[in-house]
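For reference, Swiss-Prot has these:
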| type | residues | note |
| --- | --- | --- |
| DOMAIN | 1-627 | domain 'Peptidase M13' |
| BINDING | 475, 479, 535 | Zn(2+) binding site |
| ACT_SITE | 476 | active site |
| ACT_SITE | 539 | active site, proton donor |
């Protein structure tokens, strides 16, 4: 029998950990996943009902339902031939030479399913957040991240072997000749990319990935392709700069993307087209297409046809479904109460910043200014992005609709470049069980789906709600002041607003946070403190501020507060999935999230009478306080 004083996570969640079962089609179960399962069930019923009673007064939802019905028409899917896929494959197969590839870059971006072996993106400019910038990065890797390619990684060989076999089977389904050779060649190109790819640790420090280069310099360094013409075709103008997010890839560009490697690049593109098409046809192909992902995370079985139908519809109509969900399931009373909690949390933060002992008054005042400028969005957005009015289902096949949608979405990506950034837009649908802070707009967003038990309920006590959604709200506020967010000002621009000595003190705090988690063992391996530092700063800030707010309520119950905190992090997962998270997830493993932050809070020791001999004890001089 565990005790809270030795293991908060295991004690509070003992019954759940014993009884909870990981669904056969998922790699884990958690408080978040339980809500996802509930939402899936509700939405599947809702969309089935709407299929019988079409929402003709809501054109975007109507198109979503038409697509949903097409995704669920298994008779048509079983009969559908592969001519459209073969047509996509032919767009690459007919590129006989590297010269052919060079001459068709624009066509490939806008009118094919073939990904280029490099990527341009349109994102808010980190130093001018009201305008968009053109970003440049590599094409990504086949395995989850760079660490999987180390020869000592226990799963490297089996994953690459499985991917090759699975991919060649998919290629053969589409009558591609030399399928095994193509899969092997794709892996050879993938292996060439590894040294130049960003590590997960590098991606985690996103504020440090902003490397602007004048467009003239950017294009002149690349000799093998005419990127100047491509950029003009993409954004219909010549930007003054390109933001390079993967430096090593840019430096290695000509040694990777060249005539000598063309056969490997071509094979890589063919595998991407083939794998991407598997979701749109018969059941056997759908199962085959998901096999590698299931093997990677040790998932026992494929998603059911009904869940797949919903997944596919969400992949194109996420905000449409989210807005429907938010309006149906999220009430005004809940919205008002959560808004009250957000306001309370911001006030707590203001008070804590004004009393902060390690910041100068000047930096603390600027931090409070940034805090005051944070805009919260709760529940669901007021309107849909305009792009959804362009997605129209046709009389063609499911795959043909997807091709058309992809073309429209790609065109929209680059069309945005000449517009101002809409800082009120949501980057997460309302039915997603999550929340986020956006540094470029200085906004915090709480979708309707997370605003339910165990995170939040009007039936829960104030302490339970502060231990649940309160810590999530304060966590997102804390991201404005984590190692990345702290580098952005109140307008959302990457801008040094700290005094040097204050930022140096903050960097020391970051090092302490890294040390607090680094190497801590879990059942799947040790935690990487550098990878998870930003989320750990947010977790610590979140629980600290929410605790302060909970204590201001008349019905305060700190046992309930800490217990609820432990409940929201409950999780069980396959070992393979946990190992993948350890290598690439910016969040700490669930048990560490539940157990480590409370040990930095005096109230935890007082509430549960934690002694020096207890496993949860941390000496006062080692208790870390940041915000």
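Including glycine, each Cβ sits where the backbone N, Cα and C put it.
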Enumerate the residues of the same chain, 475, 479, 535 excluded, that satisfy the criterion Cβ within 8 A of the mean position of the Cβ atoms of the recorded Zn(2+) site; list them in sequence order. 437, 476, 478, 482, 534, 537, 538, 539, 541, 542
Using the structure shown, find which entry in 476, 535, 539 (the recorded positions) has the sparsest Cβ neighbourhood within 10 Å. 535
Between the residue listed as 'active site' and residue 535 (Zn(2+) binding site), find the distance joining the two CA atoms and give it rounded to the nearest Å. 9
I'd like the Cβ neighbour count for residue 475 (Zn(2+) binding site), meaning other Cβ atoms within 10 Å of its Cβ, all protein chains included. 25
One finds that other Cβ atoms within 10 Å of the Cβ of residue 479 (Zn(2+) binding site) number exactly 23
I need the CA-to-CA distance for residue 479 (Zn(2+) binding site) versus residue 539 (active site, proton donor), whole Å please. 9
I'm trying to understand the geometry here, so how far is the Cα atom of residue 475 (Zn(2+) binding site) from the Cα atom of residue 539 (active site, proton donor), in Å to the nearest whole number? 5
What kind of secondary structure is residue 535 (Zn(2+) binding site) part of, going by DSSP in three states? helix
